[in-house]
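Q: Grabbed the feature section from TrEMBL, which reads as follows:
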- 1-14: compositional bias 'Basic and acidic residues' (COMPBIAS)
- 15-25: compositional bias 'Polar residues' (COMPBIAS)
- 40-62: compositional bias 'Basic and acidic residues' (COMPBIAS)
- 63-75: compositional bias 'Acidic residues' (COMPBIAS)
- 79-91: compositional bias 'Polar residues' (COMPBIAS)
- 270-382: domain '1,3-beta-glucan synthase component FKS1-like' (DOMAIN)
- 1-91: region 'Disordered' (REGION)
- 419-441: transmembrane segment (TRANSMEM)
- 461-483: transmembrane segment (TRANSMEM)
- 503-522: transmembrane segment (TRANSMEM)
- 542-561: transmembrane segment (TRANSMEM)
- 1271-1291: transmembrane segment (TRANSMEM)
- 1328-1348: transmembrane segment (TRANSMEM)
- 1414-1434: transmembrane segment (TRANSMEM)
- 1440-1458: transmembrane segment (TRANSMEM)
- 1529-1550: transmembrane segment (TRANSMEM)
- 1570-1599: transmembrane segment (TRANSMEM)
- 1717-1742: transmembrane segment (TRANSMEM)
- 1763-1789: transmembrane segment (TRANSMEM)
């Protein structure tokens, strides 16, 4: 029995004669002549809208048979057939797809080859060759390319074009398969264009796009590189006409362009074909050189020069086999390969070079931009290639010494200073305005003889000139930027702009801005400052500074002395064409952009000034004038403590500056959201549009916007067309198990009898009218909140958008969908869906999917039962589930298998159905491929509907009708999957791929293949290979359709971009849609594809010549973005958060960014202009590490090279997103590190230094600004913590003045001798509010997006669910990961492509795994700040700290809060056992999952690890990273930790300096004390390491053989000593601080910062590179040093290991304590009854009755778990009691012993003990009074 159910069935053919349901129907005139001006109300009043009536009639008598078929289809949508054998469940598969097998190129193969085989389809193929080719007569070209035939007046026949390709292949040495592939590529392109314009126009426009047009990349390169002048002087111009006048000046660009234009117009059609053919052949076999478009242009130019030569014409012999590949491409590939790899011990090993030392694709490509670079291309004999005769250059390319000819043109030095260079104007704008604000509000800084009681005011001249220094600040920023530019851009690189004149100009500007300030503030006394001269100078200075700031903000640094791109200048022509060809925004969009940024910065400056800057005015005034009274340390005196207010003031200024930057992004997000929402209302795509307007107009809009109404027969009625489209959409949803039969009947157009005799008509579904009423909307048209409702609602909304007019299917362009695939799941296996994949998982994938999609599962089970004969059709239609008393389903016991696993019989057709059902609801490649094949179904449907005359043309033969329909669909659409690993698939992967090919035979798979290697030293020969479902089998594998040899392994980068590039020659058509392997598509969206392609504005030939210079102003549309629906949004809180971020950026912000010119390419589901992208370097970039986020570089290429980027709102694709905590943060890490790499790139430099200001702002805030904002958020929190620390230290030990905001500004301080700190506390509260607002506003875009798209109830519900699910804590954690990723990338490098996890996160992850993954990025940082906040809470409490407690706690526990079943009682302690074992294992034998491995891995980020050998799997964790450079580590690993030491040590010294004590002799050694206490754990660790290592060395030979765990025992003793030392340090410090808990907390913080800085210094400067093994660690504890080889026992190695052990023991004690503290903090939640149920509701959004079941264990497992529980719960409670005792006992001892801490006793401790605090304010007050 065969299954042809609803789940995306094969095709309309399997749907009960569906192929004829649109045939001949009687004519009715269409009432919809103008869709855009249609007035529904007026039309309704006139009663002419056919959809306003239930019945419309037509004559049945003429077409009874066709109508009967149509009636059968509409009334029997199940469409079950009795065909035997199961083939597929996909509705897009055709039973007659054999017509799509490509026919032969010209003469039959038997006429060209002697050995020809015959495949199963009767097509010939070469037996001895490496590829398959079909054979037929040349006449079959009419079937393949029907728009390019003699009948259509093709200027050059297909056979002649094929002859040109064959000739070129022979003469130039192109591979045969490459030639065949590119011939078909070219002909499909011609056929696509000729289908909508005259063939001659098609050829001319195609040639103009590739070669000769004003916007063609080759033409731009030709002039930029000076090839026009070279050709003209050589006397043999190839692309320009001869200069008949002979008087053209050398630099007369316009005259040379006229010669080009004349030559293009003179070209014959054959010459155009020759130029295009040669270019495509060069491109198709260029491999990795395709990433270098100008390099390829040069190769093509050399080849064409040779083609024009007499030598070529007289040559009769063929070129050597693969000559082009081996002699032209491979040498360049080898250069790129050798830059990445070197041979070590006979193996290819990746070089340890950072980007600045690697010659990459862009460096090679930029060599060809200027003639100077081309002249630098030397042969091995030292001569210049360009000096050789033009025809000879092609054959000399293999003699080029590429290593000596190509040099770095941009240094991607790993440094944060790239942000300064790339975004100089951002810093100028912010820092200058900040200076104005803060200088005006810091009058005490420049007020002479300031006195608080007098409130001395500065002289006006001083205030004006102090503010005017902002001009010097702006000039200095630009000056530094120019200096850095001279470092990043080599001065010797061709086309480099001189920096010295601009530097000199900046020096002059700085001098002019500084001189008035020096004169007024430095040389003028107070009297002179009040004189008119000083006032005049200060006023002039201030206004001149404003002019400077505005000039330096608006003018790019490349144009400071005027634009370098003069219209007629050639000097920087390449940079103008390839880096600065920005599309000028239309005036209305420019106004919108200007308005947006004016509002953003207007609001930002007002808010920043009044909310932040003014709040800092009083703290600045008091802190600047504050002088501490009598504070001393016994050793350093008052060197530190007397400057404590100034230290706090410095922190205030820095914090103000960081918050000043935060405001900008905040306002950008708010205003951009407002503009986007306003624009959506303008487009009419919001849910707030009246439903009566949306749903009642669906039929009319489908007719006018989906159908090509200009090409429809006028004698058919609109309802006939609409009924077919609408019913196909609804039936498709029915087949996908989204609807039931009951829903189907309510939504379909139904054929009924007319009131008139002998006539039939369609009844319009009541849905279109009753759904206009809110009350009637409750009718059960589809399940509530279902996928069907969402899709229909969006379809209705999207049709209200403006859409380009569609053309017929026959005239639409051809396009391809490309899906790169590496290791993503293709099709779920039965084992994967019905068995738990992990011991910690509590649910199978199928069970989880059933809970996520209960209705769809129920509908699926009904179909299965119907298929199995367990239910008849009537029962399936009327079946309703009965609910039992306990909510269970009361079905027969025999039905349980259906509801459990979807089948009762284990026959393949049943098990496969369940696998497909689960795969189509998971993120699988099969789901993606099936969704994209909806394009084929949509094209077939449209072609059938719009051509009802097909049946008549085919004489009623349904096979011929199907043949024509399928042939048309294949002409217009291709799906190509680039399966890089296909040749290395295992059996399961092969079976799944083969299943896809059988389900969709038209599907093409491109993959890497190789020949068997005959010797170990031989490099394998690799091939780019293409197969489809029609390729015959040989030896169990499909014979390839094309097999093109490559120069070597094309995967030189991170993989994805190389994979895409490898498959580009196999795509077809004018447009390319890039899709990831976790997406989906829908039939109703695919119906809009013609409008989507019309957005590229190429549907009509140009009004003038395609070579006309007038077209230079018309920038081609290169990229079209669209919306995404994140179908994983309903899978729990994490999936919803990830989906929300993707939706807001992909829809809300992309809409606004496209409007203001800031949108780029983000990978999916953008549609690209194939010609534009392939002639400019491809669809992505691929340098290893640098181009991790490969997709966005295509967008930057478009932006720089003159392409338009659009965004449409009426189309959407489905998209899956990460669902687990770890996978989401892996994606976050990838994006963050990728942004760091982007900042290093030349694209960012070119855009940042040349874009107009409004475009720069859009580019910055949409990309780098987001990541910098995350960095600033976390930096601001840490700065606020330091302020709290320093403020608390003063608040605790000094008398704080009384202060209210109503006090006079010069009110006296009360009481006398107090410190005015309360204004600083008020400022601190505002800072905390600012951080709260920043995180709160992050939810605003999602709320507004849902308000617009889903309505207020759903938006509020979603927000409530997110808040209740603690998503704000997750947002804080993600922000930290973003910030940490970009910072660590600049420090260590190592960015790489991270494959994101796409499975459902239902497995509990061990505590140790989460801790090791997130300790360094977040937990350590959060712990340090929590301690600071604890100190602030103890010393200077304010209620605002509550928010920070939540925020910082989230940084520590979020990984565990979002861990499934974290609070399952028994599992908690089982997990604790694993944590303890993780801490202790790895010291007897190596263990990757151990604390020591985690510690070593963390250390290797700095020291470096092993080197990667090509072909060996890389270490996914260590990433085989080289040693980090000290210059890269300086800021993050040395300078900032040193600053942390300083800003924690200073308050500690002040707090212990007894402020107010007038006698220095009564001071103590607090400075020395803290360093001694910091050294105790280090000394204890060093001593224990030496002692136990010596013991192991001495006793090891005796005990090792008897005690297998001897090494672990020694390590355990040493680790125990380190833990005891840590607790001893804490208790001793507490005692020395006179039992002051707040001072002890502060001391602990200082100890942490000192040790952290010390260990970083030791690691950076004392540790050599890690060896990549664990032998040294094992030898240290086992004592088997002498059993190792001599090299292993070197003295240096032993010393290094001693340093490592000292560090490791300290880190171990820290991780032991910290891990337990986190576990202790989770105990209160663990004690809550039913917490696991509530926690699962929080994570998965599942009701308790649908909760994930508890796992079922065997009796043995249960006994073991109980034993583990009792043992480790006891250990856990014992350690908890020890921790509690460490805190409680000192308090008890203090109360019981009543020990007095006096100075005399302190002297006995060497003045290390702190005396009890005393109040010295009375003494200070008396002293001030007497004074």
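Cβ coordinates are placed from backbone N, Cα and C, and glycine is handled just like the others.
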Q: So how many of the residues in the domain '1,3-beta-glucan synthase component FKS1-like' (270-382) end up helix, strand or coil by DSSP?
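A: Across the domain '1,3-beta-glucan synthase component FKS1-like' (270-382), DSSP assigns the residues as follows: 73 helix, 10 strand, 30 coil.
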Q: Please indicate, using numbers and ranges, the residues of the same chain that are 6 or more beyond the transmembrane segment (542-561) and have a C-beta under 8 Å from a C-beta there.
A: 424-425, 428-429, 432-433, 464-465, 467-472, 474-475, 477-478, 481-482, 485, 497, 501-502, 505-506, 509, 512-513, 1249-1253, 1256
Q: Could you please provide the mean pLDDT value for the domain '1,3-beta-glucan synthase component FKS1-like' (270-382)?
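A: Summarising the domain '1,3-beta-glucan synthase component FKS1-like' (270-382) by its mean pLDDT gives 93.
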Q: Which stretch from 419-441, 461-483, 503-522, 1328-1348, 1570-1599 shares the most C-beta pairs under 8 Å with the transmembrane segment (1440-1458)?
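A: Maximum Cβ contact count belongs to 1328-1348.
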Q: Where else in the chain does the transmembrane segment (1328-1348) make close Cβ contacts, counting only residues six or more beyond its ends and a cut-off under 8 Å?
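A: Answer is 611-612, 659, 662-663, 666, 669-670, 673, 677, 680-681, 685-688, 1140-1141, 1143-1144, 1147-1149, 1273, 1276-1277, 1280, 1354-1355, 1358-1359, 1362, 1368, 1371-1372, 1375, 1440-1441, 1443-1444, 1447.
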Q: Which residues, given as numbers and ranges, are at least 6 beyond the ends of the transmembrane segment (419-441) yet have a Cβ under 8 Å from it?
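A: Distant contacts of the transmembrane segment (419-441): 463, 466-467, 469-471, 473-474, 477-478, 480-481, 484-485, 488, 545, 549, 552-554, 556-557, 601, 605, 608-609, 613-614, 616-617, 620, 653, 656-657, 660-661, 664, 1239, 1244-1245, 1247-1249, 1253, 1256-1257, 1260, 1264-1265, 1268.
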Q: Are there 3 or more C-beta pairs under 8 Å linking the transmembrane segment (1529-1550) with the transmembrane segment (1271-1291), counting only pairs at least 6 apart in sequence?
A: yes
